[in-house]
Every structure is written in C-alpha cells, then in structure tokens.
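Worksheet: the structure to be examined is printed underneath.
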Amino acid sequence: MTPNPMTNDLPDPAAAPDSAPLYSPARVRALLAAHGLKPTKSLGQNFLIDGNILRAIAEAGGAAPGENVLEIGPGLGVLTREVASRGARVTALEKDERLRPVLAETLAGLDVNVIWGDALDFDYAALPAGTRVIANLPYYITGLLLTRFMQAPGVVSATVLVQKEVAQRLVAQPGQDNYGFLSAVAALYGSVKHVRDVPKGAFFPAPDVTSSVVRLDFDRTRPQPDPAFVSFVDNALRYRRKTLRNNLRMMGHSGEAIDAALSDLGLRPDVRAEDVPLSGLRAVAAALGVVR
C-alpha cells in the first residue's frame, strides 16, 4: 500500500471545524448529505459520535505528544482529531475513497497522514518502533487486524473499540466461559485490559451489538512466539469444550503418546482444552515433539 498524504486536499488550518464536533446524528447526517454520502454497511461504517467515549479512547491509548499512532478506518475523522489534537503523529488507513473530501474538511490543520487502501494490504512490519494503535476497528476484520498488530514488532500497544464478545474473549482466562485461541494468543504477546463498554447509542447508525474498548500491551522484550506452538494452541483450542485428548487426536497424535504426555504432566485424561493454561499447553506440545 503506497502512502498518499492528504496535504493537497486540506483547506487552511483556520477552517478546521473545531466549533462543530460530530457528536450527534444530525451533525453526521448533515456532513454526509453535504457530500452526497451514506454509511456503507459492508465496510462496517458505524460512526462513533459520543465525545466522552472518544476522549476516553484517546486517553486510554496513552500516546504522548510526538509519538506515532496508527488508526484503522478513521471514518469521519472524529477519533483521529481527538488523538491528533493531543500532539500525536497520526497515520490513518482508510479504504473508502468517497471520504476524501470529508476527511479533508474534518482533519484540516492537523498532523495526520491518510493512506488510502485496504488495511489488510498494509505492511505493519514496517511501522516504526513505539507505534501505538488507537482505532475503532471494522468489526468484520477485527481478528485479522489484531493478529497483524501482535505480529508487528514496532507496535507496542493497541487501544481498540471492538464487539463486546471479542473483548470478553480477549480478557478471558483459562477455565472461563469465553477463553479460547484469541485469549491465548493475546497472552502470548503481552497483556489485555478492559477499558469500558460502549452502548449502541454511541454510534450512528447504531450497530446491532454492544461494543467495548480494550487495550492490548505487547511485550517486545519477549521472543516472537514459535509459529509451531501458535498453530498447536489454535488447534488445541479450536473445540475448546472437547477434551484436550480428543483435540490432540484430531491433530494426528497417537492416543498412546497423548496419554503418556498427559500422565507425565499430571493432567487428567478428560481435561478440557479450555481449562489448560498456556504453560500446560506448552509442556504438552514439548512432550509430543511439536516444540523444543
């Protein structure tokens, strides 16, 4: 994806619309109507219009003046403005080219570089060290994007608005109802904190689900997780309510090898995959020769 700054699109800084924040459905409708636009459901365009929540997200993101921030899907630019106005250098990835004139208007005078294209095509590995992600993520690609953030060595944190169900999975611990692969892989890379829930009415148009803000902090002093172990965890937790033994059998391991590994590690033969902590899964993987 080639950077495409909006410098030539932006009006004079004095024209930045500070006096008319987009904090109501009426304001959003008026702005969209002025440009002949409507929200596109297929792109997950539910625009956040609650000023208190926007400020809370920016605050939780923790970007200091001069730090690099990456935003996915700036939409109308309201969160972008909140973060950039605090002195951060914001790069925003936007897929919907129809929003060019809108962002030219709402981001006037701010230190923001908009890159036009699909966020799934962006080279996250090239981000500078210390980059923080602060974004209202498109819900239909949340999992893919979270994985990209985790794997990008320059990204130190991601403060993101996601579906509440996804947030519950991210913060879940082994043995809890929502624990699964996403919970485990997030723990492999660092830690997750629930910031706050966000009601449907904070968006225009309102989504079908409740949302939550979470912050993921990535410990870049750790070595990158072994891909073989990540794949093992994925398969082990794919049917998390089944016994770990059954899941391992579906992975192609022999019953004898599995029984020996579980016995040696003090794990019950009927233990469920969701009840085994990462350290236990790593020990099982080592016993089965998946990792060293």
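Just so you know, glycine gets a Cβ as well, placed from its N, Cα and C.
If you look up Swiss-Prot, you'll see N46, L48, G73, E94, D118, N136 marked as S-adenosyl-L-methionine binding site. Counting every protein chain shown, 26 other Cβ atoms lie within 10 Å of the Cβ of N136 (S-adenosyl-L-methionine binding site). DSSP assigns N136 (S-adenosyl-L-methionine binding site) to a strand segment in the three-state reduction.
Annotation for N46 (S-adenosyl-L-methionine binding site): same-chain Cβ neighbours under 8 Å, separated by at least 6 residues, are P39, F203, F204, P205, A206, P207.
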